[in-house]
Amino acid sequence: MDQKILSLAAEKTADKLQEFLQTLREGDLTNLLQNQAVKGKVAGALLRAIFKGSPCSEEAGTLRRRKIYTCCIQLVESGDLQKEIASEIIGLLMLEAHHFPGPLLVELANEFISAVREGSLVNGKSLELLPIILTALATKKENLAYGKGVLSGEECKKQLINTLCSGRWDQQYVIQLTSMFKDVPLTAEEVEFVVEKALSMFSKMNLQEIPPLVYQLLVLSSKGSRKSVLEGIIAFFSALDKQHNEEQSGDELLDVVTVPSGELRHVEGTIILHIVFAIKLDYELGRELVKHLKVGQQGDSNNNLSPFSIALLLSVTRIQRFQDQVLDLLKTSVVKSFKDLQLLQGSKFLQNLVPHRSYVSTMILEVVKNSVHSWDHVTQGLVELGFILMDSYGPKKVLDGKTIETSPSLSRMPNQHACKLGANILLETFKIHEMIRQEILEQVLNRVVTRASSPISHFLDLLSNIVMYAPLVLQSCSSKVTEAFDYLSFLPLQTVQRLLKAVQPLLKVSMSMRDCLILVLRKAMFANQLDARKSAVAGFLLLLKNFKVLGSLSSSQCSQSLSVSQVHVDVHSHYNSVANETFCLEIMDSLRRCLSQQADVRLMLYEGFYDVLRRNSQLANSVMQTLLSQLKQFYEPKPDLLPPLKLEACILTQGDKISLQEPLDYLLCCIQHCLAWYKNTVIPLQQGEEEEEEEEAFYEDLDDILESITNRMIKSELEDFELDKSADFSQSTSIGIKNNICAFLVMGVCEVLIEYNFSISSFSKNRFEDILSLFMCYKKLSDILNEKAGKAKTKMANKTSDSLLSMKFVSSLLTALFRDSIQSHQESLSVLRSSNEFMRYAVNVALQKVQQLKETGHVSGPDGQNPEKIFQNLCDITRVLLWRYTSIPTSVEESGKKEKGKSISLLCLEGLQKIFSAVQQFYQPKIQQFLRALDVTDKEGEEREDADVSVTQRTAFQIRQFQRSLLNLLSSQEEDFNSKEALLLVTVLTSLSKLLEPSSPQFVQMLSWTSKICKENSREDALFCKSLMNLLFSLHVSYKSPVILLRDLSQDIHGHLGDIDQDVEVEKTNHFAIVNLRTAAPTVCLLVLSQAEKVLEEVDWLITKLKGQVSQETLSEEASSQATLPNQPVEKAIIMQLGTLLTFFHELVQTALPSGSCVDTLLKDLCKMYTTLTALVRYYLQVCQSSGGIPKNMEKLVKLSGSHLTPLCYSFISYVQNKSKSLNYTGEKKEKPAAVATAMARVLRETKPIPNLIFAIEQYEKFLIHLSKKSKVNLMQHMKLSTSRDFKIKGNILDMVLREDGEDENEEGTASEHGGQNKEPAKKKRKK
């Protein structure tokens, strides 16, 4: 039969073939086809013949085709056919599909849809036919019966697609079904059906099956619905990430983790690559991605951003067209996230309303962590983002040349956090990705070298961390580091020091790098620039510290803790200690040459030698011998000669120029510290060992010299130095400059000898008498210099250099003076205690050291760079100062003795204030340890019991002591009130209050105590009032919103200053006694306005957040109506805040404020108030349809603004302008040009915000009209539209002024400017 059909088909006409086919029974043809296909014979040719003999022009032929199609589809799905045969059959069916009439196409399509929905497909091969059927159907123009109605082919296709997408899809055919739609012409609506269906299948599929489905979706997105595709993919993987993190965070209920981490990351990586590839082919997709993620920035950026979407954005940066805008989007998101965090941390009001969320910074670092799973496409974007953040938000140079570094007040700023995040991104990326390391290192070094004039500490910190992580790995990049060495001579000293310190571990593992550095340093030592020479000294000293000679004491013996990286390097590099000794001695030889260079170079050497000894004790002889031979040049060996030092030799005279050549005081200081260290550390370890006599004599020599200098300095008079009162100390003559230098040298030597004698005194009375004699020499010179500087009306001579006393000594001295109660010490200590001036000097030096720590992060002198030692000294000093201040109050001390300068108690308090600030700045993690050290009752045995005492409890104990002191001060009469001490006490309390936990009872007690002080004490000191009120506000905002407090204060201000209407008598409320006629304005007024501004900022932030949520949730009316319910508490809080603030402004706009900053600030804040009200109205314009109107409390707020604020604003404007006119008038009368100019400038400043305010009011009213129409509530009934504003321009007056143009050009110009400013809002009002 098959042969006959084939032979008939070979004829030119199909008539005989048709006739033959009609004679066959129904099942014969299908059975024949089935047998032929299964056997793998000529099924294709047979099928072509059947189609040729079954033309669609005849009904019989059409039905036969229909049956053959059904048979073939079943055959292909059965899986019995060979692949080639099945493909051939499907190909033929595709070719013939277009010949089918519409109704049969509909039937065929329904068959497919039923098979898909019922899951009866076996292998899905036949699905390749469905897109052809749907395409063919869309081309049919005639109307077709579908369901109960009649539809066109296009409409039928739409219904069929809808039916298909609304039914069940078997998991294994999802990809195939999605893929087939790319071959069907689809409308936007049809694409949306398909996309929604495919996205809904994500959660039902195996993870490995999602990438190919995403690929098909991206191909399909070229037809439309790009936004839905991207949103769906991002939302799914963001949710999966969140679920995965929750599972990994150790939820005990989840025994099995849903998805292994590695598998999830690989799948995400593949999908990101698919999307990036799709964007390269379709830029519209990229624009849609950026647009979608940008929307999130308007509200809450954390809603749209997730680790997955961030990784996707970073990968997109590889496409040039999107690189800048994507990095800019990420940069903006990071800073916005940190600003939001800052705002939340500073306000309890916001914390109660906004739940804690993960921040963009955390997500980005998670991306870095995830990128270990072969996400190479993300790394370049991470590196670029890291450098952009560091470049944009690193420390900046300010006007006086100083750098704004990370300090406590600034470290919480968003910019600082963003810069730190950039460094963390780069460091973590460096650790994970080997291929990118060289690029990161190169870019960091480039910035260090090329931006020397800008602050680059953040890049040096990053470099240090990179080197610390893997010094051995970086050997491969050593060429980059050695290139940087070539620029050392041209870099600032501080940069050189930090750069060399950062790369120091590399020098231990790379000898070639070390040799290269030495060559560079030797050249620099003889460079013309002073900074280059100093850099050479810094470099050599660093090498001496870190290349230990065999036999040197270990770091523990030297009480010097080395960094983990250093130990790491030491373990891995078995360097030759003998070679090190030769190397170090060569360097010492080079450094000796520096002793003939400028004073600054020598000074660096003296300051560095002590650290060299501690780290490399075997160099002690070499160092000490160098120092001794240098000292002998300036030491007078004859025991009877006075003075004992040759000061003339320390000064260099070149023509008229006089300068210091030898910093003798620092040389002696260095000798004294090195000698003390050697005696305390090395000699005890050498006891019992035979030591060369020469060495013993050596150290005895130094002791003898210091002893001789001490004795002769005590005997010397100022005349011996030619520095008595009659000497010339002016800065304008060469003799004066020389005498100043000598005076400072003598004072420095005295300080060094004071410390030396105290260290060897063993509490000997004679030694202490010597110390006092040395101090008196110091004091005399200091007094002369101050007196001469005072007469010359210049503070040049008073700029004393840092004290040469070490911080450790200051700590020991203060403890001895104020806390030593050992009986055997009392007689000798009474010598020092008898001099108040000496005790004041000791406290002053402690203050100087703490100030130095606050400004630079370290102190001068030994261990000044060691944070641990500094912290220990700080604890000891604080304990003493605290005891001294609380034991002997200032009032007691000052009543006893009337001396010039501050009392010791006041100095102690000032010291405490500086220390509390410094500890929070540099030792935040050690606060607990610090507070425990202050507890005088603490004993070592009790430490374990006290370990669980919280920081808050310890802080509260300290706070109570200062509260008592302040109460005692406030109980005194106004004339006896010590404002300096009060101010310091409030500053200390403010500093300590930051350590209290806001939820603790101690915090509440502190707040109520501060509030009580403000309510019950009236002081006219403006600075004290300001600091106390600032404390009150800072506590209040951490506990609850300050709006009620602001309202009460505004009533007090109104009561004291009176009303703008002089006929109105204001009732005085007196909530806070601290507000009085002297402090009400400008002090308290400006403070409350500043706080009001912060509240408005918070409210504005909340409104923006709500608006962002609404714009994202308006996908459907149902979604948005459900979304408004959780927002109700936030809306209510916003309205409550604005309502109370409205009453606050209601009081202030009626207050007769003095001209100046108060009026100016009030007008600006009123403008902000109306802008915020407008923002709220616009929010309700967005939501009022879905939420069913506006809430009643919003109506009340609008009513309040119309009755209590707007009319009063216009009255206040009139009041301000009337005051301006009176000022003008009085200015003209006096006819003093300077006075007139000043008055006019003030008028201009105060009236400038008026047009802005009027415009803000009118904008508010404009949007209220829109809201009234939309909500069907008449909100404007409460608004009194002013028609008689006296700031409108009157035509006749304007003409008169214009005619007088030539008479007074300046004055008239100003008036017309005012007119122009005020005219615009008035016009707008008339337009309404």
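Including glycine, each Cβ sits where the backbone N, Cα and C put it.
Copied from Swiss-Prot, the annotated features are:
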type     : residues  : note
MOD_RES  : SER407    : phosphoserine
CROSSLNK : LYS523    : ubiquitin cross-link
MOD_RES  : SER556    : phosphoserine
MOD_RES  : SER730    : phosphoserine
MOD_RES  : THR952    : phosphothreonine
MOD_RES  : SER1121   : phosphoserine
REGION   : 1300-1328 : region 'Disordered'
COMPBIAS : 1301-1310 : compositional bias 'Acidic residues'
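Residue environment of the residue listed as 'phosphothreonine' contains 18 other Cβ atoms, counted within 10 Å of its Cβ in all protein chains.
Neighbour density for the residue listed as 'ubiquitin cross-link': within 10 A of its CB lie 14 other CB atoms from the protein chains shown. Counting every protein chain shown, the Cβ of SER730 (phosphoserine) has 17 other Cβ atoms within 10 Å.
Distance between Cα atoms for the residue listed as 'ubiquitin cross-link' and SER730 (phosphoserine): 39 Å, as a whole number. On a Cα basis, SER730 (phosphoserine) lies 54 Å away from the residue listed as 'phosphothreonine'.
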